[in-house]
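So that you can see what the record holds, here are the features copied from Swiss-Prot:
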type	residues	note
CARBOHYD	N37	N-linked glycosylation site
CARBOHYD	N41	N-linked glycosylation site
TOPO_DOM	24-75	topological domain 'Extracellular'
TOPO_DOM	97-108	topological domain 'Cytoplasmic'
TOPO_DOM	130-141	topological domain 'Extracellular'
TOPO_DOM	163-178	topological domain 'Cytoplasmic'
TOPO_DOM	200-211	topological domain 'Extracellular'
TOPO_DOM	233-271	topological domain 'Cytoplasmic'
TRANSMEM	3-23	transmembrane segment
TRANSMEM	76-96	transmembrane segment
TRANSMEM	109-129	transmembrane segment
TRANSMEM	142-162	transmembrane segment
TRANSMEM	179-199	transmembrane segment
TRANSMEM	212-232	transmembrane segment
Amino acid sequence: MTAWILLPVSLSAFSITGIWTVYAMAVMNRHVCPVENWSYNDSCSPDPAEQGGPKTCCTLDDVPLISKCGTYPPESCLFSLIGNMGAFMVALICLLRYGQLLEQNRHSWINTTALITGCTNAAGLVVVGNFQVDHAKSLHYIGAGVAFPAGLLFVCLHCVLFYHGATTPLDMAMAYLRSVLAVIAFVTLVLSGVFFLHESSELQHGAALCEWVFVLDILIFYGTFSYEFGAVSSDTLVAALQPAPGRACKSSGSSSTSTHLNCAPESIAMI
């Protein structure tokens, strides 16, 4: 077991704690309304008597979407930090898992596609975290439109990869757990998108709740990689970064692909 096992857990713990902290700050600073609030008005007149605590009069501008919670300072600063650090950890996890599967001689387009979608998810998170929705709406929506579907596709691809590699009852239990998380992610992302397109306050609030469930679900999924990361080593990172031609060497009389860095001895022997 290596220290790499802490990376997926750290991503989940850091990001989940961070976004809930951002939400709490946004509520206390009266930048959004609490998630338990379902009552929205067309407009609200400022009440000087109200100081501190959550808003009691809410409009559609106060719907507690995750992005909305991180729009204004000081919570926007923490939101950007979470987005940047979370994106780095996501990319590192994707790269290590990709290399781990290569070490197991599991060379497939699914593994490569999963790496691409995971890194795309990370890139989208950087854009979402650094371009707040009220200040750079187009860029923020582009980032979200890239990050969320890419994250969902990454989850689905790794469900397939893990299921086909499961060999023990514990592996199968983890495969079923990840499948459930993938289904929840798919349903909540679709519902969030559908609800968000409507101007109804109830549907907008429903979109916010679905978005929260989707993000938390994806973060929990990333945390489950600690199951495999006990076997990760520095060689795993080398395997992930190794150029494709070096991996594509086949041993004599076999169709299996070798993951060794140097195939020259084999070539000389064949000569």
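Cβ atoms here come from the backbone N, Cα and C positions, even for glycine.
Least packed by the Cβ count within 10 Å, out of the glycosylation sites N37, N41, is N41. Taking every recorded stretch in 76-96, 109-129, 179-199, 212-232 and counting its Cβ pairs under 8 Å to the transmembrane segment (3-23), the highest total belongs to 212-232.
DSSP gives N37 (N-linked glycosylation site) a coil state; it is part of no helix or strand. Confidence over the topological domain 'Cytoplasmic' (233-271), given as mean pLDDT on the 0 to 100 scale, stands at 51. By the count of Cβ pairs under 8 Å, the stretch nearest in packing to the transmembrane segment (142-162) among 76-96, 109-129, 179-199 is 109-129. For the topological domain 'Extracellular' (130-141), the number of residues in each DSSP class (helix H, G, I; strand E, B; coil) is 6 helix, 0 strand, 6 coil.
In the topological domain 'Extracellular' (24-75), the DSSP tally of helix, strand and coil residues is 13 helix, 0 strand, 39 coil. Under DSSP, residues within the topological domain 'Extracellular' (200-211) fall into helix, strand and coil as 11 helix, 0 strand, 1 coil. Per DSSP, the topological domain 'Cytoplasmic' (163-178) is made up of 13 helix, 0 strand, 3 coil.
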